[in-house]
C-alpha cells in the first residue's frame, strides 16, 4: 500500500470489530459473485410477514430500467423498527432528544416510541390517511418528527419529509408534485436560539391554488406561539393523541411498495422526488449502519443530520432503529450557544459514535482548541463524515482533536438516490487515507468511465458509475420514470451514473472529486444551479443568471452568481441585497448566493449554451487556463467578466 499518510487498522479495532479484513474480503466477494445468495442471507436480519422467493430482478438497460428486490415478500418497516424489539429491549432508550436549549432533553424508550407511533398512526387514519397516500412532514428536529415518519410506515402511507429551512414556495412545489393529502408541521421550529415560522410557511405555501390536494394540517406545539388557525383545516397533534387508540396493527406491505419520497436537487431545476421502497431500503440501511459504524448493542450513536435529508432518514431513524440502537437527535446547530456544544453533547450523553458533516468539522476547526475546551471525549470510539468529500486538513483535525488520535474515521460516500452508504472504510478492516472514501461496501460494484463510457482499469480518474444494483437503490423519480431513466441510465448505457467524478489510486481506493454536472454542494446539501438561476430570473429586474460553485473554507462550496440585468436597470448594492432576499424567499436560506457579480453578458456558444467552465475559472481567479474562447458568440465578454470580477474582489 502506498505509504503517503496511511493510518493502519489498530490491532484493537481489528480484534473487537464486527468486520476485519478477512471478513470484508470474503463477504464482498460473495456479495458480487453471488448477490442472490448474499442478500438472501442478509435479509434474515429483518422480520418478514410473507417470506420472499426471489431475491433480485434488476435491469440497468436504458430501454427497460427495472429494479426489484425481494418483490413477492411482505413486511412492515415500523414493526421492524419497533415491535420486534419490545420483548428484549422495550425499556431501552430508543431516542435521546437534545433540545436547542441545553437545558432541554428527553429520553424515549422503545416501548414509549411504539405507543406514540401506534396512537399517531390511528390519528392519521382518523384523518382519512391510508395506504399509498402521501403525507408531507415539515417539522423541526423533535421526536414527533420520527413518530410521524414511523406512523406513516405503519399504515402504508408514503412520507415526504421537507427540510424545515425550505421556503413556502419550495414547500409548495414538493406538496404539489407528491399530491400530498396531509401536512404535518409545528407552530415554530427553534435553531440556534432563533424561531422558524413553520406553520406560517405552510399557510403561505397553501395559498398556491395547486395545493388543493391538502385536506388537513396537523400541528405540533413546539413553542406555544400564537399562530393563525383555520378550524376547517388545522388539527392539533395533542388533541388527536389525547383520543387516539393505543393499538394499531402494522399494515402488511409489499417489499416493493413505496416507503417515502425525498426531494433532491437536479441539474434541470425541478427537484426530483426520489422514491425508496420498504424491503430493500430498510435492509440496506440496517446492514450498512451496523457494519460501517461497527454498531454494538449499548452504543450511544449520534448522527447530526436533519431528518429533511437522506442521512437523517437512513442513519438517524431507520438504520439505527431497525438495529435496536439508541439514536441521538439534536434540535439545534453545532455552535449554539457556543462552539463547545458538540463536545458538551458528546460528554453529556456519553456518545460512542459521531457521524457529522465536513461543514460542521470545519466550523469547529476554525475556532481552534476552543471547540473542544474542557471536553473529556473519552466515550468516543468512532467518527464518521458525510455529505461531501472531506479535505485532508479537516480530516486530520477531526482525528487528532475530536478523536484524540484513537478513533477511526469512516469517510462515507453515498447519495439520496443510493439509500445508504456505497463506499466507506470499515473500522476493523480498512487502513485509512485522509480524504479517501476508500473501498466499496457489500454488493456495490463501482467503476470509472471516460466521457465516451469506456471503463477505465487500474489507477484512473473519470466519471463514477455503479455497474449493478443494490437493495437500497432508488426505484424511480416519483411520477416521472422517464426522467429517472434519462438522468441516471442514459449517459452511460447499462450503468448507473452517479453524477460524481472520482479517482482510483494504486490500492483501489476511491477519492471523490465532486460533481461533474451542474449541481452544487453547499454545506453538504445538494442544490441545482438551475433552481437558483430560475429563482433569480423570476425577478422582474433580472434578464439572465448563471450560478457556479467556488471553494469555501467552511461550506465546501459557496454560491457565486453572474447576473445580467434587464436593459435600463442600474446595478447597486441595494439591488444585490434585494436579489439575495429574493432567493431566500423563493428557495430558502441555504440557496442564498454568497456573491453576485453584475455581468454585461454571459459566455455562450453560438448555439446558446452557457460555458460554465469559463464562469467557474473566472470566479476562482483562474484566468491562465481559460483555454480556447474563439467558439463563443462574443469572445469579448470574457475580458469584461474578468474586469467585473476584479471589481467584486475590491468591494
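Including glycine, each Cβ sits where the backbone N, Cα and C put it.
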Joining 387, 388, 389, 411, 412, 413, 414, 415, 416, 500, 526 at the ATP site recorded in Swiss-Prot, out of 404, 493, 515, is 515
Integer Å value for the Cα distance linking residue 542 (Mg(2+) binding site) with residue 515 (ATP binding site) is 27
As a whole number of Å, the Cα atom of residue 416 (ATP binding site) is distant from the Cα atom of residue 193 (CoA binding site) by 29
Quick note, residue 389 (ATP binding site) and residue 523 (CoA binding site): C-alpha atoms separated, nearest Å, by 11
Students should find that the Cβ of residue 416 (ATP binding site) has, within 10 Å, a number of other Cβ atoms equal to 19
Across every protein chain in view, the count of C-beta atoms other than its own within 10 A of the C-beta of residue 412 (ATP binding site) is 25
With neighbours defined as other CB atoms within 10 A, the best-packed of the binding-site residues 192, 387 is 387
